[in-house]
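What TrEMBL annotates here:
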SIGNAL    1-17  signal peptide
TRANSMEM  649-673  transmembrane segment
DOMAIN    901-936  domain 'EF-hand'
TRANSMEM  1054-1074  transmembrane segment
TRANSMEM  1094-1114  transmembrane segment
TRANSMEM  1142-1163  transmembrane segment
TRANSMEM  1190-1217  transmembrane segment
TRANSMEM  1224-1245  transmembrane segment
DOMAIN    1279-1384  domain 'FAD-binding FR-type'
Amino acid sequence: MLKFIFVLILNLSFVQNENGGKEYPPYDGWFNNRDNPSSGVIDSTLCRRLPTHYEDGVSAPSGAKRPNPRLVSNVIMAGESGKASYNNKTALFAFFSQHVLSEIVNVQSNQCPPEPFNIPLLENDSLNPQKKKFFLMPYERSRYDTSNYGSSPNHPRNQLNDVTSFLDGGSIYGSQKSWANQLRLFNSTCPMRTRTSNLFASQKNPTDCRGELKSLNDEGRFPGQNDVGLFYENHFDPRDHKIKKTESFYLLGNKQGEENPFLLSLEIMWFRHHNWLAMKLRDDVAHSDWTDEQVFNEARIRNIAVHQKIVMHEWLPILLGHNCNTSNPVDCDVITPYKGYNPGSPVGVTNVFQSAAMRYIDTLTPPGVFVRGNYDSSTKVCVFYNMTRETAGDDENFEQQHIGKPALRLLNTFWNSHEAINEFDIDKLLMGMSSQIAEKEDNVITPDIREGYYGSRRFSRVDAVAMTIQQGRDHGLPDYNTARRELGMAERRNFEEINPQIFQEDQNEGGKLLENLKSVHRGSIQLLDIFTGGLLETRNGNPGELFRFLIKEQFEKIRDGDRFWFENDKSGLFTTNEIEEIHNVSIRDVILRTNPTMNPSEDLQENPFLWDMTDGKAPACGQPFQLKDSDMEGCTELETYDYFENDQVSFAVVFTGLGVFVFVAIASMYLVGESTKMLRERKRNRATPADEENVTRKAMEILGRNNKCKEVQIQKTADNSIVLKSGKNRRLLEFKGHVEIYVSKDKGRRSMFVRTSRATYDLVLKFETSRECEDFIEVLRNSFHASGVSFSTLALSEKELFREAKMKDARDEELKNFFRTALGKSMNLDLDENRNVPDPSRSHELITTRLSQDEFAEYLNLKANSGFVRQMFQIAGSDENDFITIREFLNIIVLFEKGNTPEGKLKLMFDMYDLDKTGRLSADDFKNMLKSMLESINSKIDLDNLDQHVNEIMTSSGCFSRTGLTFDDFKSLVEDHETHLCACKLNIPDESTKKKRKTKLERFRESFKGVEDIGFSSKNNLDDRISSVRIQQHPGKLKKMKVVVEKYVEHYRLCIFWVGLYTWVTIGVFLYAFNAASSNKQSGLGFITGYAVPLARGAAGALMFNFSTILLTMCRNTITFLRETFVHRYVPFDYAVTMHKIIAWMGMFFSVVHVVAHGINFYSIVTQSPSDLLCYFRDYWYSSDFTPSFLFWCLQTITGVAGVALSMTLIIMYVYACDYARRFIYNVFHWTHFFGYILVYFFTFMHGSAMMVQMPSFYLYFLGPGILYTLDKLYSLSRRHQAVPVVNARHLPSEVLHLEFIRPPHFHYKAGQWVRIASLDQSHNEYHPFTLTSAPCEANLKLHIRAVGPWTRNLRSSYAPENLDGKPYPKLYLEGPFGEGHQDWDKYDVSVLIGGGIGVTPFASILKELSDPHHKHGISCKKVYFIWVARDQRQFEWLSEIIEKAEQTSDMLSAHVFITQIPHKFDLRTTMLYICEKHFHKVAGRSMFTGLKAQTHFGRPNFEEFFEFLTIEHSVEKSRLKRSQSFGVFSCGPPGMTKSIEESCVKLNSRKGPLFCHHFENF
């Protein structure tokens, strides 16, 4: 109701003048009929004069069995042009008919989404030049009312009319007031106008321009140009296959006015007539006070009235039958006299009128038009112009055909109207059309309509006749006989009855029209279309009975139902005298008024619609001849167009570029990472200018003659030796004796090698530049001079230099033969015949080969400079130069490998350290033994502790009071470990068992499983029991699988539930969006893209859900709070990070789906025509001459640009979120994520804001999580920028920094929780996470931070005493605490805490809590096993105090320490250290290495065996359990360790017994 009132007020305001006195006719037809306001309005439906005959009764086109329309056109409507109209109708009449039709009906707009209803073409068809077997002439179904039609038989499809159904000047002013306003001048005065500057300037007052329409350059000749962007119909010119810019179009009311120059001439004529009327009104003294609005409206209604009069009283009578005999109207009809306005008259245009009856005018249309000049009274002739270059276009071939032709060819002027208008003006075209006789009224239609009509860019020429027939079927018209029957006419029983006269005439001319008609329609008149049958009824120059009836009825209803018809004296528009004046105006008057250059008595006949030589006007201006198509140039060829052709490269570049961008991002990540590592390395290696010789240099070390090389770092040491580093490999080159330096003398001088008597092979180097090479040689010379080493320098060519040098490959081959021969002789090894057995001829070379101490240590995996190795060399009897021969090496092998008794091996060890050969080991000797063993395995121990340990061992053995240990005392010391001594060897590598080197990750993971350990040792005797405990169960595969599934589900039941629920919700969102898009038939994209658009929309819905809910996993404060409530029982908050990654992976999957789907969509879109695209994307607008390319949609729309930017942002985020980035360039990872999320949400909002496909909906998903995350972040920010003072900072061993700082008020946390800190000394905004090592009961907060990266190194440095210089400790920003799984250690009956290296920090707080007597009464945990795995004992020092206190105060703790630096295999060194550790622990009750009660173990623990032990040690009968038994396993360390623990838990969970629940964190 409100809408109705609004439209009423709006329209009344439009149609009344400013005084409110007169109501003017509306532009859009609304409220013309007050009883039915929407009758005949713009965009109203066509009326149904005949019942619909849709195949399905609803919308499917009719006539499925009728013949091919193109075949009908070729057979029935084809024929020779050039036959004159029966009653001399002129070409002006034919084109005026087109003008009238465009005034009341326009159904050229296609349905949105487009529905193709194409017409098949035969191979030999002239419109199929390539002779394709399957070729279609495109046709798209007409637009229809989707609001209430096309859904059921009660509401079948009904097409829409783009204009009003009234003769209301819509083709002159437009069918909307807003359109008409753009045509108006809206000026009351034009100061620059003169009497001659404007065609219709007032002679009384030339500057007065009230009420005018805009004219080009204010000249009055042509309408203004379309510089305001009105949307006109604009098709590709079929002649040049180009499209004109709509800015060059004239401002007209008719959207199709520029179709051809003859129609455009009539549109310009009516434009001029309006301004002529306005001039007359202005010049009238009675109207001198009228405003611009009044003058315009009065001129408009008079112009419309004249137009109505001409149509109804001049044009229509001729169409219905010229000079009709009313007494016997066989071939004609007389218009019923006007009886006044009838509100009950339906004014809507009918389908049958539009799609059949009114297309009768096509038979009149000539193939071209003469251009005629004025009558020359001197020569008594009228000049007819031949065609010039100005109307030939740009094609030279066409120009040659066109110039000199007698007339403008219709089919070559489509959408080229301005050429003829500019060349000849409209007067010459109007005179030419009025002098030319139209085509004969019969079944034949000119080829310009039937084969040369304009189409689209994709198909430049079409058959308008076939399109008319197809349109009738599209609109559901019945067959010809049904139409006659419904209209009360007699049906035709056969084809002959349609029109015997036309068939007879055709037969007389030798035609076969009737025969062809029957053949095409397979002998059935029921297959005859209305248009075909109605056209065949034509006789004596007039439409047949069917068409005459429909045309007459339509125009009479329009007249009678128009309240503003000029003859309605009750409308208030005109007085009786004014109506009479309008009746006196003819089409001839209008032409003469608008073309002052014409001579009324000589240039134009009395009735321009008819050529009559007897009327006395224009006597010598008749057409030179009846024009036919062969008199003019031929039709340009049909051209097709592929819209994707010009987009192939850009399409491939964009999507390939997006894929390449992934690799670019990866490459940039590695580049940034490696550059960062290089900068750090350079910073560490940077030397001062005064220490120039100690600068680290880089070069390539040549290892062999096959160009094998490696990059090394070269540095000179303080003792003038050279150290070469490559990765973890290190080579020391000492210069003693004579040194030879060989330098390349070739161009470049970059290569050299150094030969020394102490090196087993030469050092061959190649530098980047000759300058670097020369600098290094100079350093060597200076060093040799300083140390007194003699040297010589020799220059060789590079080829000679490499031939002279003994490289590493040659030495490796030498050593290979050396060791194989030695092992074969000492151990009786069978050498495989496939091996490279040393050549007997090289025996002398083999015997003289000497082994250096470094090579010996490397082969046995020992430390080269350790005392143990030196002692072995002394036993072997090495020479003064620290080399041993093959015989001496054999002696060592035999001593260590052949001795089968412990006593023999003990004697060897005893003799190695009995340096003075007294038969006794003093305390110092024994200390040297332990020290050398520790050194050989890169382990260390404080000397003070070592003295204490040795004294305690010797005291316990009763040897301290004596002068030392005898061999018997030494043997008694280890008598309990004979088994281990028997098994120990030297661990010589066996060549026969060597395999391909595994990756670092594989070696790292394997080091944590399958290790034969000494065992766990504690007061519960774990070390004695663990090796023997096995759960030997061999269930069937199905039972085992059942147990595995049960345990897995029991362990991860909450995770499975929530991940499953989230996955199903995501799938649901995807399916909902998919279904919504696929069921949206109005958008139409599904018709061209298939399921790609629903797939993209489904993926977009899932993405919006994923990227919104991922914020929930980042609400740290909310998660920490909720995990302390009962909600923690139902939601696994500890897996928030895991859930974050799962959601991220889902997002990546749907992002790829979305991008791929849109790739398909883009291809489908760019293959469509511009007009169709405006249908698909109704919120977009562009000029009709613009063809949107792929780059337009992708890079020039908000949606496209945002989508590309969003894709690139996601690529960067995902790439920089990998482990490599987080490890080496954490800051880059942090900031790409920080800004990445901002950009993702911004671009996501922008991506949907343009509403290209649907209304934006991202906010619906984002609102809840976004608000929660914002509040959570604001809470963090409220606490983040409060500086916390540091009260204590200590540097601990192993690069560990201990920080103690003030605990903020209301800071509550649990053991195992973590915080994020930022150092004010570095960056206020760079936060890093660390686990609190203080107990909740402590007053201050504590952190232990290991310096492993640039930020932590800088942090440790900023708290170094030498850097503080008396200043207070730098303050910290603190954020947290945040919860994690480690804080739940007390919820299990048995908890196992496993820390790897610095990963022990989460357990420091727990250990402190265990030592708190007040806390342990409130926990349910009965036993805690603490296992710390670290490289050496120095890493335990900072935590030893905490562990020791926990051991003293808690009886529930069992601690175990593993030193991985000491080899786990039982060679001689490890066995002796283990024996000493056993004795010391037995005597002192604490470890020799850590000082703790827990015994120190060597190697890495076997977690599977340990968990097996726990299963036996803490198993409970099922009858005593109220719930299933679960053991908590909490680990923190490197991924390899946590992975090994996880695998062990999975193995134990695959068996019957308790459930091992593993919670882990990696670093």
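Backbone N, Cα and C define each Cβ position, glycine as well.
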**Asked** Per the definition of 3+ C-beta pairs under 8 A with sequence separation of 6 or more, do the transmembrane segment (1054-1074) and the transmembrane segment (1142-1163) touch?
**Response** yes
**Message:** Just to confirm my parser: what is the rounded mean pLDDT across the domain 'FAD-binding FR-type' (1279-1384)?
**Reply:** 82
**Request:** Six or more residues out from either end of the transmembrane segment (649-673), which same-chain residues have a Cβ under 8 Å from its Cβ atoms?
**Result:** 1155, 1159, 1162-1163, 1166, 1189-1191, 1194-1195, 1204, 1207-1208, 1211-1212, 1215-1216, 1218, 1220-1221, 1224-1225, 1228
**Asked** Mind checking how the domain 'FAD-binding FR-type' (1279-1384) divides into helix, strand and coil residues in DSSP?
**Response** 19 helix, 39 strand, 48 coil
**Distant-in-sequence neighbours of the transmembrane segment (1190-1217), which means Cβ under 8 A and at least six residues beyond its ends** = 647, 650-651, 654, 658, 661-662, 665-666, 669, 1144, 1147-1148, 1151, 1155, 1158, 1162, 1165-1166, 1180, 1225, 1228-1229, 1232-1233, 1236-1237, 1239-1240, 1243-1244, 1246-1250, 1252
**Residue numbers, six or more beyond the limits of the transmembrane segment (1224-1245), whose CB comes under 8 Å of its CB atoms** = 669, 672-673, 676-677, 1103-1104, 1107, 1202-1203, 1205-1206, 1209-1210, 1212-1213, 1216-1217, 1256, 1258-1259, 1262, 1266, 1326, 1328, 1349, 1351
